[in-house]
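Novice: What TrEMBL records for this protein is below:
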ACT_SITE  E293  active site, proton acceptor
ACT_SITE  Y381  active site, proton donor
BINDING   Q132, C133, Q134, P263, Y264, G265, G266, M267, E268, R561, M562, K563  peptide binding site
BINDING   H292, H296, E315  Zn(2+) binding site
DOMAIN    464-603  domain 'Peptidase M1 leukotriene A4 hydrolase/aminopeptidase C-terminal'
Amino acid sequence: MRDPNTVSNYDAWRTRHTTTNLKVDFPSKSLRGKVILELESQTDLSSKEIILDSSYLDVSAIKLSGEATKWEIKDRQGANGSPIHIAIPHGASKGEVVKVEIDVATTDKCTALQWLTPAQTSNKKAPFMFSQCQAIHARSLFPCQDTPDVKSTYTFNITSPHVVVASGVPVKGGETEGEGGEKVYKFEQKVPIPSYLYALASGDIESAPIGRISSVATGPNELKASQWELEGDMDKFLDAAEKIVFPYRWGEYNVLVLPPSFPYGGMENPIFTFATPTIISGDKQNIDVIAHELAHSWSGNLVTSCSWEHFWLNEGWTMYLERRIQAAIHGSEAHIDFSAIRGWKALEESIEEFGKDHEFTKLCISHKGIDPDDAFSTVPYEKGFHFIYYLDKLVGRENFDKFIPHYFGKWANKSLDSFEFRDTFLGFFSAPEYGSLQDKIAEIDWEGRFYNTGLPPKPEFDTSLVDECYRLAEKWKQKDFQPSPSDIKGWTGNQILVLLNEVQDLEEPLSVERSQTLGKTYGLTESKNVELKSAYYHIAMKAKDTSSYQGVADLLGEVGRMKFVRPLYRGLNKADRDLALKTFEKYKDFYHPICRQLVEKDLGVSGVSA
């Protein structure tokens, strides 16, 4: 078995279909009900037990094809959870499918769910619940083969007093009345998906159309702004992606804009991308996230890395496709490099944080004995992108564009590792028409690309879109520079971001007065764009502008996205540890459990809020 983050015996049994009949119980903050796994025997009568992943679950009964059977939950194995062993006394013939029915409820230790009180939502009317199963948190919802190496189709029958969305296509006319005014919401996922893409949310949710196969769903107060932000671009993204790869295969593509405590920019749950509200900034400057999550419909969701050790196959390809989509929409290749330059800076910071010889700076990371959440960083995204971009440049765009649909077609509905990717690439380009490329291809250092630590070779970037940002940053080094709002007239949010990152990195930090001038002149202190506001606050903290610290603390109470929360806490901790600790104490229950745990580590207060 090639996934060290599962204890399931998926080499002997493979899940083919999963039915989750679950009730969203808001008063007890739990999901409860019956889950039915249909597992196909991979051996001929030799396996006498099914082993499933579970984590902090309350399992009350297990039946095998309707009959009682022996089962046992074994001791917990760290992050991998507690294996459930289910007896199959007579085994099963190869290809035979057995049904395992499990009565299950989540507990208060569930790491996949966040429950919000009505007070934590914007209109304060109803509670809200959402799931986040990546990387190995599906096992805290129900027993399963919690590995990206196993894909299953899904049926969702979810009972709730509030609207439900899930990672399946809504069954038309499928809603039925449940008990006490509750409804049963039904969804079908007919494309096989790994467990980490199982997703559901429930609350006061309304939706509106944003494209020919797309709608946005969110709280009633946010619906109009979310529709405005997304409806102009959704179909453009889809058209561009389909041209690069091949037609979209999932039926619908919708976006659920979550409450602010959602810890990620977006999560590519099929049919319903779960997205941070920070993308709804009123200026259409942060919707690249949607291009990224849409690209996952091919890389990650359709073609999946077989374990978290090869996660770069999901994210490196997705960054590449996202940047190709942006270049297609803007009609300029320079946009790929503009985004990649920003990504390179994030990669440098990530590698500096780990240390350049750290295991987690490799493309293929050993996950034996580690929690995949601990290895999560920009490395698989940006280092992965650079490997794909290098291959594109090596063989030429025209040739690489023929490889893209071949790769995604060959591996659709399957999972693969880095070596299978390598063999697919080499196999494709061994065709006679690519004879002239053989010498170049022979030079690819696959071993080095997969296993070298630190930064990859740096390409020659097209800097045309960043040069003016750099020029303006240079002017801020001069004490007598008089800034004006016209300095950044016509700039995109991302160009302003490049400027702010450069100013933040100046050897001599700005004075308090200059930092305040920067914020006022360019409208950063009043901006609703969290990307810009947080970048400005890092400059202000470096300048030791104490008048900005409360603004940082206030922002930390409004945003739960880890991309902003963790660096802002680290910055505030250096500037004013007392305020950082008080701020965390005040807002810790607002954050998602994954975010809360990581901030505790960042602040050195692990377990304080347990």
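Using the three backbone atoms N, Cα and C, a Cβ is placed for every residue, glycine included.
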Novice: What is the separation, in Å, between the Cα atoms of Y264 (peptide binding site) and E315 (Zn(2+) binding site)?
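Specialist: With the alpha carbons as reference points, the distance is 14 Å.
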Novice: Could you state the whole-number distance in Å separating the C-alpha atoms of H296 (Zn(2+) binding site) and E268 (peptide binding site)?
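Specialist: H296 (Zn(2+) binding site) and E268 (peptide binding site) have their Cα atoms 6 Å apart.
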Novice: Spatially, and counting Cα to Cα, which of the recorded positions is closest to E293 (active site, proton acceptor)? Options: Q132, E268, E315, Y381.
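Specialist: Ranked by Cα distance from E293 (active site, proton acceptor), first place goes to E268.
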Novice: For Q132 (peptide binding site) and E315 (Zn(2+) binding site), what Cα-Cα distance in Å is obtained after rounding to a whole number?
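Specialist: Per the Cα atoms, Q132 (peptide binding site) and E315 (Zn(2+) binding site) stand 17 Å apart.
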Novice: Quick one: pull the CA-CA distance for H292 (Zn(2+) binding site) versus Q134 (peptide binding site), whole Å only.
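Specialist: It is 16 Å, counting Cα to Cα.
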Novice: Quick check for the class: what is the C-alpha distance, in angstrom and rounded, between G266 (peptide binding site) and E315 (Zn(2+) binding site)?
Specialist: 13
Novice: Listed recorded positions are Q134, E268, Y381, M562; which of them have CA atoms within 10 A of the CA of E315 (Zn(2+) binding site)?
Specialist: Y381
Novice: Treating G and I as helix alongside H, and B as strand alongside E, what does DSSP give for the domain 'Peptidase M1 leukotriene A4 hydrolase/aminopeptidase C-terminal' (464-603) in helix, strand and coil?
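Specialist: Once the DSSP states are binned, the domain 'Peptidase M1 leukotriene A4 hydrolase/aminopeptidase C-terminal' (464-603) shows 98 helix, 0 strand, 42 coil.
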Novice: For the domain 'Peptidase M1 leukotriene A4 hydrolase/aminopeptidase C-terminal' (464-603), what's the mean pLDDT in this predicted model?
Specialist: 94
Novice: Express in Å, rounded to the nearest integer, the largest CA to CA distance found among the peptide-binding residues Q132, C133, Q134, P263, Y264, G265, G266, M267, E268, R561, M562, K563 named in the record.
Specialist: 18
Novice: Might you list, by sequence position, any residue in that chain lying six or more from M562 (peptide binding site) with a Cβ less than 8 Å away from its Cβ?
Specialist: P263, Y264, I594, C595, L598
Novice: Does anything in the same chain, at least 6 positions from Q134 (peptide binding site), have a Cβ under 8 Å from its Cβ, and if so what?
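Specialist: Same-chain residues close to Q134 (peptide binding site) (Cβ under 8 Å, separated by 6 or more) are Y196, L197, M267.
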Novice: Output, ordered by sequence, the same-chain residues six or more apart from the residue listed as 'active site, proton donor' with a CB under 8 Å from its CB, or 'none'.
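Specialist: Listed in sequence order: W312, E315, G316, T318, M319, G343.
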